[in-house]
Structure formats: structure tokens, C-alpha cells
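A short write-up of the structure that comes next.
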Amino acid sequence: MSFLIVANWKMNGTRSSFVDFIGKLNNKSNEITSKLVICPPFTSFQSNIELNNNIKIGGQNCHHKEFGSYTGEISAGMLKELGCSYVILGHSERAHETDSEIKLKSETAIESGLHPIICVGENSEDYKNKKTKEVIEYQCKNRLPTQGKYTIAYEPIWAIGTGNVPNNDAIAEVIKSCTGKKHIIYGGSVSSENIENLLSIPNLSGVLIGSASLDFDHFYKIIQQVEKKFSLN
């Protein structure tokens, strides 16, 4: 599997900025071997947008039901119809979601032909109390689907948007505790300044990038460092 680079735009960007961003990526695609997934707001989706083979579109959430009276929600099937291949699930910024709801969403996503990226991560209190492994193992047990292809995104809640990142040994320990649980990527304050260090972590399958993915030049610097790393291997 190619190294996975996921851009989570959250509630940022417009349709025109998304089209411009994708156009720039398409122009650079012959220099990129990594798999790129861009997750803009729903309003930016265009089902007819031209994408080169290594660029995919993802959603930032989906409901576990196919349709119904769920104001403000979107189904996995709707995302698929809009041209999505991936969907981020269980992000900590989505308040009050239970582990069982996240599991249902992941199973529905797979049934609809999407590849779920399922977030796990400890809060600052659990981190300080050295309960990271315990929390991650519990979340994996209760959030992950029983079958199908998926990716785990280890994104410690205390690291999101703070500029703080766990040391490589701590991330490697989480990956080790998830052995046999498919592919594992890291998210939480990923930037062009720390990506080189993160790339030295054994068995890391990719990265989930937030604010650093909004600026094309910054995002492309990250891609270039990933490409440099794997071209030397």
C-alpha cells in the first residue's frame, strides 16, 4: 500500500478554492507516488471533478443510516454518489459520538463502498496518567468494523491544533499495540516542520493533516518530503 496522505480541511475552503487546489495537485501528480485523500466540506464536492489516479476525495463524517429524519446529516451512499472514496469517522471534534455509533458508521461506510479512516486517541488526562495504550486498545475493540478494509488514524486529542506531537517512541508503541488492525496513520499537528521526523517511525502507513493542508505550498512541502523519503528506500 502506498503511503497515505489525508488532508482534513474541516470547516474551511470554498468550492472554487477546492477546484483550484485539486487542479494544482493534478499538475504535480507525475511527481507523486503517495496516495492523496482530500476531505473538504460537503459544500465543496463536485462529482464531475477530474482527478488523477493517486488523488481521491473523502468526507469528514457520515450517518450510519441510509436515509431518514436526521437533520444536517449525510449518508455514506450520498458521499459515494458525490465521488468520495474515503470518509473520516470518529474525529474528536465531533462531539458526543459513542464508540458504538462510530462502529456502525464504519460498517455502513464499507457497505456503501467507502474506505473509512477511523480516529482513535487519548485525551490529555489519559496521556498524563499513562493510559494511552489502554484507551487505544479499548477504542479499537469498540470502534472498528468486524470486516472489510479500513485505516486507523491515531490522533491524540491533546495534540490536535496545539503544535505538540508525541515522541516517536510513543507513536510507535501505539502502532505496535494495534498490530493486526490494518493500516495505521498518525494525525495531530502534522506539518512540514515535523514530517521528516514522523517518517522515521516504523510501520507508519500515512498521516492525517489538518490546518497544514489548507495552504497548497505547505501541503506540497509535506508531500515532497514523503516522496524524498520513499525514493531513497
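The backbone N, Cα and C atoms fix where each Cβ goes, glycine too.
Summary of the site annotation: Swiss-Prot records substrate binding at Asn8, Trp9, Lys10, Gly161. Screening the candidates Ser34, Ser189, Ser191, Ser192 against this entry identifies Ser189 as the one listed for that site. The substrate site is set by Asn8, Trp9, Lys10, Gly161, Ser189; from the centre of their CB atoms, other residues of the chain with a CB within 8 Å are Ile160, Ile209, Gly210, Ser211, Ala212, Ser213. Distance from the CA of His91 (active site, electrophile) to the CA of Trp9 (substrate binding site) is 13 Å. Considering only the recorded positions Lys10, His91, Gly161, Ser189, the residues lying within 10 A of Glu155 (active site, proton acceptor) on a C-alpha to C-alpha basis are His91, Ser189. Between the candidate binding-site residues, Asn8, Ser189, the densest Cβ environment within 10 Å is the one around Asn8.
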